[in-house]
Amino acid sequence: MPDLANLSIKSARDALQKKEFSARELAQASLDVIKEKDKDVHAFLEVFDDVLAQADEADKKITKGENLPLLGIPVAIKDNILVDGKSATAGSKILEGFISSYDSTAVKKLKDAGAIILGRTNMDEFAMGSSTESSAYGVTKNPHDLSRVPGGSSGGSAAALGAGFVLGSYGSDTGGSIRQPAAFCGTVGLKPTYGRVSRFGLIALASSLDQIGPFARTVSDAEILYDAIRGQDILDSTTISDETYPKEKKFSKIIGIPRTFVESEGVDESVKKNFEKAVEKFKSLGYEIKDIELPHIQHSLAAYYIIMPAEASSNLARFDGVKYGLHKDGSDVIEDYFKTRGQGFGKETRRRIILGTYVLSSGYYDEYYGSALRMKELITDELKEAFKKIDLILTPTTPTPAFKIGEKISNPLAMYLEDIFTVPANIAGLPCISLSSGFDGVLPLGIELTAGLGREDNLFIAGKEFLGE
Amino acid sequence: MDKEKVIDLAKLARIDIDDKEAESLSHEFDVILNYVGEIKNTKVLPLISDSQGKTLGNIMREDVKPHESGIYTKKVLEQAPMNEGYYIKVKKIL
């Protein structure tokens, strides 16, 4: 039987090709550990009933001599990424019972790469949150300390990996929803350049920021998972090609640190200490460390919490109880809408839709939404300029280690501040990776590397060196 | 933001909320808007639409080769809470 705890995707693929174990045995090992431990963690909303059938198909292909990048590897998918014929709820009651009628491009590519789609993982409702507490289907727990959150919104995918249920999983990242839970659960988490991965079949939160990306144990595995899903797609006109952002600068091992930003109020002492250790480690690996000034970066979060609810209020208008999902009956069509949306959306979703409606309403549009767009452009230009002189930016991933379940749920602003270090990459569309950088007691901590547009290659080089791969 | 305004906004967003929620949202919005409002006071450049970015622009494709009419209809309609024949059903509007 394969020993999941000591495998990477790379080593599992080698073993599968050498027939040291079968895809069925590998899938069964995942199913067994999920059955034993997921009642405590609650990473999965559903484990699909055709996992072993998928594994048998993979075994047939291996026997035929096929060699695909993810052939026979079980992966977990966040509950907002559509799989044909399977349920997808985005963690919301309003989509309870919804069955996807098509594959998202990411899932189609995964199937083409031979992956086994194991099941769908828990998430904050419509990806709105940093703790997975706003899911309509219960809280996911941090596998390192069950009294704490796994982070969010892709908390289920991060916890599934952190708990050793799978070798790889996927989430979506609008303001940090892959990187923050990756840091809390001690995994690698990658948000690719905006447009690198097709959003076709991803249930939208904020379309100008959303991006699908992988969680993995190692940077090498993250790269495999990323390569499997990336690419231009005619079904998402915001996708980019390899030529969109020419690689003008040669990698020269220069890391910039926005000191004022890193020393923001509210950053935990344990995080600061851990961060300085990481800086020293990069120095010892031959990296040049430079302090940089990014005067507007601290406004990223404010701009984000205007742009994101604005786009969410528009995107979520499609849930009306008519086309799919929940329907609550009123006396007429309009009352059907009000009841369906009032009862189908959870508290945080209602809050953000109403806030988004406000910042887009006549009289406030320019003051809030217009200012936020201008700020987004300014921050993007500022970062673009910075990457002419440096290769990477280093910050902590989160201001604190994983917090207690319930600690921040009643204070929306405190929850929003969790995203302070992750949001700039979404605002500027940059690729960004969170790497596990040690522990505060039993709680994992993470550091985050950001690269210039289209420069995932730099993240992989530095990430592998940092983790000693 | 007062409670009445929250109720008006919820109506615009077509969401049923009760008085208690409107009351608590009005306080939460004050805190959130106070925070995000920091960008209102920052001097920033006017919005430059595509003056320097060559990457920003509409991406169009030819409106050709549609799929055969009706091949996905049944699958998609199955997800509608109410349907009749090849249509989604809603209540009488007028």
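Placement of Cβ uses the backbone N, Cα and C atoms for every residue, glycine included.
TrEMBL does not curate its annotations; it predicts them automatically.
Cβ-based neighbour count (10 Å, all protein chains) for A:Lys78 (active site, charge relay system) stands at 31. Sequence annotations record features per position, and here TrEMBL assigns active site, charge relay system to A:Lys78 (among others).
There are 35 other Cβ atoms within 10 Å of the Cβ belonging to A:Ser153 (active site, charge relay system). Annotation comment: TrEMBL describes A:Ser153 (among others) as active site, charge relay system.
In the three-state DSSP scheme, A:Ser177 (active site, acyl-ester intermediate) falls into the coil class. As annotated by TrEMBL, active site, acyl-ester intermediate applies to A:Ser177.
Sequence annotations record features per position, and here TrEMBL assigns domain 'Amidase' to A:25-459.
The distance from the Cα of A:Ser153 (active site, charge relay system) to the Cα of A:Ser177 (active site, acyl-ester intermediate) comes to 5 Å.
The Cβ of A:Ser177 (active site, acyl-ester intermediate) lies under 8 Å from the Cβ of A:Asp124, A:Ala127, A:Ser130, A:Gly152, A:Ser153, A:Ser154, A:Gly171, each on the same chain and at least six residues away in sequence.
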